[in-house]
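This report refers to the structure that appears directly beneath it.
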Amino acid sequence: MNYLVMISLALLLMTGVESVRDGYIVDSKNCVYHCVPPCDGLCKKNGAKSGSCGFLIPSGLACWCVALPDNVPIKDPSYKCHSR
């Protein structure tokens, strides 16, 4: 009986759960992607369920992704965009 519990626990830990979140998708410099090309394609290409154009102060129009995987960076308001 104990073996069954241990095996079940091990399988549960090995499968892992991939979590998702919503947010403004960014590049490696914490700069948002603007709405051209259309956001839905960009977001889906990066594993999100969907994407749309939203307004982010002070960046302006930016791509908002729904259900984006954790390994894809989203806008961190505590860091500025470091372009160029």
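Positions of Cβ are set from backbone N, Cα and C atoms, glycine also.
Note that the structure is predicted; figures quoted are calculated from it, not measured.
In the three-state DSSP classification, Cys31 (disulfide bond) falls within coil. Within the same chain, residues at least 6 positions away in sequence whose Cβ sits under 8 Å from that of Cys31 (disulfide bond) are Ser59, Cys81, His82, Ser83. Here Swiss-Prot flags Cys31-Cys81 (among others) as disulfide bond.
Cys35 (disulfide bond): 18 other CB atoms within 10 A of its CB, across all protein chains. For Cys35-Cys53 (among others), the entry in Swiss-Prot reads disulfide bond, with the evidence type sequence analysis.
Following the DSSP three-state reduction, the secondary structure of Cys63 (disulfide bond) is strand. The Cβ neighbour count for Cys63 (disulfide bond), using a 10 Å radius and every protein chain shown, is 28. Look at Swiss-Prot and you will find Cys39-Cys63 (among others) tagged as disulfide bond, backed by sequence analysis.
If you take the C-beta of Cys65 (disulfide bond) and look for same-chain residues 6 or more apart in sequence within under 8 angstroms, you find Asp22, Gly23, Tyr24, Ile25, Cys39, Leu42, Cys43, Asn46, Ala48, Ser50, Gly51, Val72, Ile74. The disulfide bond annotation in Swiss-Prot covers Cys43-Cys65 (among others).
If you look up Swiss-Prot, you'll see 21-82 marked as domain 'LCN-type CS-alpha/beta', on the strength of sequence analysis.
Taken from Swiss-Prot, the feature signal peptide covers 1-19.
Reduced to three states, the DSSP call for Cys81 (disulfide bond) is coil.
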